[in-house]
Amino acid sequence: MFSMATTLTMTSGHDAGDGGGGGSQISPASLFSSSTSSPPSLHPGKEQQAAGVGILLQIMMLVLSFVLGHVLRRHKFYYLPEASASLLIGLTVGALANISDTETSIRAWFNFHEEFFFLFLLPPIIFQSGFSLQPKPFFSNFGAIVTFAILGTFISSVVTGVLVYLGGLMFLMYKLPFVECLMFGALISATDPVTVLSIFQELGTDMNLYALVFGESVLNDAMAISLYRTMSLARSHVSSGQNFFMVVVRFLETFVGSMSAGVGVGFISALLFKYAGLDIDNLQNLECCLFVLFPYFSYMLAEGLGLSGIVSILFTGIVMKHYGYSNLSENSQRFVSAFFHLISSLAETFIFIYMGFDIAMEQHSWSHVGFIFFSIVSFFVTKIKIKTVNIV
């Protein structure tokens, strides 16, 4: 999901730059923003009306996405994943908005702002991924999962980036600098097998196999984000002669530091819930409030230290579910499980809808079809080769 959303807007940034791809620096956050132009100032009454219409359309699309997803699950129609259905809904509404020449003030409510994405949409999704892991099969296969997710994603990112770079050198596609090719490889190497996992659940697949696929899909998102940000940092220091070894060291510092911060916050929360006696004193509201706040504390702590909040909140979710969840009262356990599942579902559906809407509203350039085709070929070649040598 992260890779789809980021890749969607990456190409528009290069269209605005020069032919060699050496335009202004692209930050990870800026890739998620749409148009940066602000709508003209309106009368307060008109602004409120535009806000009402914009929010109403958002709610309608969310309702339609959840209803359509339920219908697809009920009829076991796996040819159209729920994420794709949400994407199509956003595409349809965006196309209608384009045709009907919707007012700019209403369109402004559909702009995808990076702060909103990184602070409100992505954290609950990543936390729920770690929180919903089954501890026993996950930790019993932890070595294989880490190998698949970290080493496999790293190799896939590097090989894909190298192939894309070589394609540019041979004039088969749009040429990008080597570091940006590695950034692109990191973006598209993370997989999100939602439909595969749904089929596994329907068929009652072995829990070890399910844990391997699910655990790898959870960790590779965090790995891809961390790797992308490291490459983005290296891109800004290319002129200073920073070597590849320092890039690897920086990545390890970021990943290990973020993981340590997340595990540390998770253990602190577990100790608090175990010895504070909140369940004994029947302080369920306080229990739930603290349990909801600790993940965001972990995320902001890592970001404040210059680390990856995504990696941190992922491991906080794993630790809190494994050690802290059992120390809650039964009512609090039911609430936090339902709450995090709710907000993660809303956030994920929200993201795919807005991806579709953004695709329909953007003015696209079709001058880089060769880049798209060669990138897809490079991605599949990389996956096949890695599976051949039994790494992924």
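These residue numbers are counts, starting from 1, taken along the chain as shown.
Heads up, the Cβ atoms here are built off N, Cα and C, so glycines get one too.
As recorded in TrEMBL:
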type	residues	note
COMPBIAS	1-12	compositional bias 'Polar residues'
DOMAIN	66-384	domain 'Cation/H+ exchanger transmembrane'
REGION	1-23	region 'Disordered'
TRANSMEM	50-72	transmembrane segment
TRANSMEM	78-96	transmembrane segment
TRANSMEM	116-133	transmembrane segment
TRANSMEM	145-166	transmembrane segment
TRANSMEM	178-201	transmembrane segment
TRANSMEM	248-273	transmembrane segment
TRANSMEM	293-315	transmembrane segment
TRANSMEM	335-357	transmembrane segment
TRANSMEM	363-381	transmembrane segment
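Counting Cβ pairs closer than 8 Å to the transmembrane segment (335-357), the top stretch among 78-96, 145-166, 293-315 is 78-96. Looking at 50-72, 248-273, 293-315, the range that has the most CB pairs within less than 8 A of the transmembrane segment (116-133) turns out to be 293-315. Only residues 6 or more beyond the boundaries of the transmembrane segment (248-273), in the same chain, are considered here, and those with a CB under 8 A from a CB of the stretch are 150, 223, 226-227, 229-230, 233-234, 279, 287, 290-291, 294, 297-298, 301-302, 305, 307-320, 323-324, 327-328.
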